[in-house]
Amino acid sequence: MGWIGDTVDSIKSIQVRQLLTQGVSLGMIVTSALIIWKALMCFTGSESPVVVVLSGSMEPGFKRGDILFLHMSNDPIRTGEIVVFNVDGREIPIVHRVIKVHERQETEEVEVLTKGDNNYGDDRLLYAQGQLWLQRHHIMGRAVGFLPYVGWVTIIMTEKPIIKYILIGALGLLVITSKD
């Protein structure tokens, strides 16, 4: 019985060690992803260096599901640029084109007016109540590149949360049960 008991204890300790190793590996992956995200934030100067186009308001230029890469520099914003901005009271950023730039002579502040390429009117109805222009602090970044359709994964997981939970569960199970 001593030999069998020692073997069972040995197997249990291997499983515990393997489980701990897999947990540490998963933690390293998550930590690495966060470090990469923060590094991209520093490099691009944008609080969100990558965004997904969630609506068809920018078609035909950008379609729903396209991923945009953002950069925010101190260069002045110009008419025609595509910017991603946050509006007070809304959680989700908006991707639209700058159609007017208004520079205040006394303060040298630049304010912009935006519009979706596929929309009929400007975005003043989307802005906070009483707001006519976007200031610099509203703008998260300017579009500098894109990947078409890759963002559909994000859209599907947002619109159908059960798929997100199944995917996370499957990935967690894969990490825990892998032998490496």
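Easy rule for this one: first residue shown is 1, then count along the chain.
For all residues, glycine too, the Cβ spot is worked out from N, Cα and C.
Quick look at what TrEMBL annotates:
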TRANSMEM  20-40  transmembrane segment
DOMAIN    37-114  domain 'Peptidase S24/S26A/S26B/S26C'
TRANSMEM  139-156  transmembrane segment
TRANSMEM  162-178  transmembrane segment
Per-state residue totals over the domain 'Peptidase S24/S26A/S26B/S26C' (37-114) - DSSP helix, strand, coil: 8 helix, 27 strand, 43 coil
Rounded mean pLDDT for the residues that make up the domain 'Peptidase S24/S26A/S26B/S26C' (37-114): 90
